[in-house]
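Quick notes on the structure that follows.
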Amino acid sequence: MSPRPYQDVRTTVTADVAAMEEVRVFPLSCAVQNYAWGKVGLDSEVAKLVVGGDTSAVIEADKHYAELWMGAHPKGDALIKDNRIAQRTLGQWIADYPACLGSKVKDTFQGQLPFLFKVLSVNTALSIQAHPNRELAGRLHAQFPEHYPDNNHKPEMAVALTHFEGLCGFRPVEEIIGFLKSVPEFHALVGNEAAEELLSSIGEEGRTSLALKKCFTRMMNCEKKVFVDQLNMLVKRVTEEAAAGKDTSGSNSELLLRLHSQYPGDIGCFSIYFLNRMVLEPGDAMFLGANEPHAYLNGDCIECMACSDNTVRAGLTPKFIDVNTLCEMLNYSPAPASAKIFPSIQDPSDPFVYLYDPPVPDFTVMRIQVPASVRQYTVAPVDCAGILLVIEGEATGTSAAALSDITLSRGTVLFISANESVSLHVTSPSGMTMYRACSLL
């Protein structure tokens, strides 16, 4: 007896689906964002990685290459570079095959990839900002959806690829008081009363946080004419003192003048007296949890973040500034810059892997450093989907889930489904440097 027609159809469809599902490791072509603060042309690490990953890519010498987005964010969903796969973007593929995320991630994050992996190339400072926790994000989104487009938190991790500068967290109180004494223009914005409260609070943690909040809020709420006048006086004074050969480091003058040249008349220029100046070398990281004030100033970094667009800004920006929300939400716990460096931990099961594992479920970053002496290396399986970026080196990759060899070189981006491994035959003489993002629940 011949089989009924619908059985034939079903069998054919199932076979097609199986063929697509078999390819579970594949290369991506990722979105580039050309924000005005980005480095220009091939000065940008983003541009260099784009060319490395696609030799036919054209880099314009006068264009800003600010961010490379590796993920499934609707504003920059990665394209799949494998013509055996019917879906055009990573987001579409994950929606059709959510099991690729791994069961824990699929259930915890409702079938969505929970992170966005990025490379940033920073030429001029990004805004001083903080990101809300989930509770505040929900309230802000309900009240002001035009400024806060979703209800998620936005923790971030930055790992330096080159010499990298940023601002992060409030300085130790003694340093802030030092600037209040040595920079009269800064003192004028904070005011005598708030400055005295901060001085008298030393040694009492609760009082110090309240006094610091008062100082920062007073400065941020200054009338524009007042702070612009004080800023102009400060810039004139340190410029004249520097020209006369005086030491102006007590006014943090080099950074002040740089920020003022980028954002003249911006209240954010004074934030350098409140916030730690961070200097990261390649491999150093900082974790930016909820309510942590921060800004990126210069350099190239890997960034991983939860999928959200919620940013509360305070200065160094032409965008919407929400001073009241920012001053209310910030973490006013002073700490030295050294305490803001986030440590990496060597993976006990793989000496070439260094884990940056923050206290949030959304993402973990791994730095994979394969030494020159090693020719065979396996990117180990984990029980969640991940994205792998090659920073340096070349290899030929094989995987049961790729169905054919994959060539890896600087700029290659691979999506690796949960529980899949990739075996590398390293061909570059100096080893490989790779970064991998995933969600290790």
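The backbone N, Cα and C atoms fix where each Cβ goes, and this holds for glycine too.
The model shown is predicted, which means the values in this text are computed figures rather than measured ones.
Taken straight from TrEMBL:
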type: DOMAIN; residues: 25-173; note: domain 'Phosphomannose isomerase type I catalytic'
type: BINDING; residues: Gln129, His131, Glu156, His294; note: Zn(2+) binding site
type: DOMAIN; residues: 189-275; note: domain 'Phosphomannose isomerase type I helical insertion'
type: ACT_SITE; residues: Arg313; note: active site
type: DOMAIN; residues: 355-396; note: domain 'Phosphomannose isomerase type I C-terminal'
Nearest recorded site to Arg313 (active site) by CA-CA distance, among binding-site residues Gln129, Glu156, His294: Gln129
Distant-in-sequence Cβ neighbours of Gln129 (Zn(2+) binding site), under 8 Å, six or more positions away: Pro293, His294, Ala295, Thr311, Val312, Arg313, Ala314, Thr317
Proximal but sequence-remote residues of the same chain as Glu156 (Zn(2+) binding site) (Cβ under 8 Å, at least 6 apart): His131, Phe287, Leu288, Glu303, Cys304, Met305, Ala306
